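Have a look at the structure below before the remarks.
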């Protein structure tokens, strides 16, 4: 079906792979993961594999406000010698006055590890001043963080730490701070990410255990639904109401304790510790009102739905029966997950290689512009380190060929932005296709179950495998058609998010109104298209028609039974959502107690005190548990939708006579008030 879409999709895949190959040829991700020294060599890779850090010989020359050469280079590069070092300095040091004596030996004052590798301090014939003029060794350094960038408390600077040409310690500190500018503050913000990564490295084993527990709970819940679905659902409903009632009681009790307190939220302002807000009565009053409203809405829903819950339970029971006959469907979310991981990894690697495409560009610069004959070196002349001849600039002994930036003038580089857009579009198309493949495969499997007149005798062997093969053999074009429709409407949403990020400072009321209106419209449109596509894939799985024909048939069938659709679809989705919350909530509560230190292990294999942010593993476990539950419950959700659509079609095509008997089960027929002939 939809052969043209199938051909276009295959062509897009071939184009996507071609872009990936070109990106692999032209890109170099080392540009992102490693820093370069002055010669363009990577620090932490190749010959410098044991020297991952970049050390700046004279960090003061990085200041674009005071250094003309740094201004010429537009901040792309610091006009000072940069060397790869194994470890960054951890103390204050400056060249002592006696080093400037004519008989001073460089090896007595400099450290080889912080000097240019081309300089041998033991055998050099250069004087200390010659080394300083050519910037082969530093004349000072300070304690550093991360990539050898100064980081120190001004109060801890030694009283004699005054650099040449400056009069006081304060002037020295000021010049160093100005040279660093926003670079140090940027690294300080990144240090939060470093600490988060450290927390993950400390607790990853226990995070995996939490996710494994979520998977076990989900599987057990699925198995229990096969036999006691009604009991579980009612226990779930009562449990949610009971938790809400206890929350109301607890909030009222806390509010009563702080009722006479004069502290208000206005007095606190912004505070990074959430526990501070729990000492204010207004916080507990807000929680109390919210919980009361939620509890009231749930009670009104239960009262208004009445016997509709019984109808939803009938579908759940039939779905449990279908899943029990084809247990392999519970494992299919793993297939979808693996395919999505492959797709995401390919998109990420391609994006990285596209972003790092371009050969390195080198410029001839003077490391010491104060020398009279070096004023002619403007920093605008390109060069190559392999063929650079410093003797051609004999009048300026400090000239060097240093790395400047990556070339962005080539044909491939000029069109990299368009290739990135195609990369995103192809990625979204592939992701939506993978989701469509899963939905169509499961729909075909459960449709096979429903339309088997005698269950399980008429169910073919390996129905999931057969459905997967049939879907790939006959309906790639239809799935690609539905996937591209979603992609064309998802891309504007992503573009709107990008514009929102770029113009987040825009406070104009009209601008915000238009922005939020467009977001809302695209969100609703996206939800509607997903609903239509889901039911279209079911009709494709049942009848094998093209996408447009199946979409029309599914839409008309649903519209003719809109009352049943709205009630049963919302009720079953609500019940399944409660099940997901049960899995994620139970695992999240245990994770909170464990990672916050309330549950301790006897052998002290894990210490919560070692975590910088204990909420990092808690969030990972809770979100991961919800996604795992979503994967398992999505099988039930697809089964319910398929059986429900088949049931509606069964009602219209058959009348229960011996010539045209119903295919639905007797329990489903009885609960939905259909005649039992």
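All residue numbers here begin at 1 and follow the chain in the order shown.
Each residue, glycine too, has its Cβ placed from N, Cα and C.
As written in TrEMBL, here are the features:
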type     : residues : note
TRANSMEM : 7-27     : transmembrane segment
TRANSMEM : 204-224  : transmembrane segment
TRANSMEM : 231-249  : transmembrane segment
TRANSMEM : 284-302  : transmembrane segment
TRANSMEM : 323-349  : transmembrane segment
TRANSMEM : 426-453  : transmembrane segment
TRANSMEM : 474-495  : transmembrane segment
TRANSMEM : 536-555  : transmembrane segment
TRANSMEM : 575-599  : transmembrane segment
TRANSMEM : 611-629  : transmembrane segment
Cβ pairs under 8 Å between the transmembrane segment (426-453) and the transmembrane segment (7-27), at least three: yes
Beyond the flanks of the transmembrane segment (284-302) by 6 or more, those residues with Cβ under 8 Å of it: 237, 240-241, 244-245, 247-248, 251-252, 254-255, 258, 278, 309, 574
Same-chain residue ranges lying at least 6 outside the transmembrane segment (204-224) that approach it to Cβ under 8 Å: 232, 323, 330, 579, 582-584, 586-587, 590-591, 594-595, 606, 617, 620-621, 624-625, 628-629, 631-633, 636
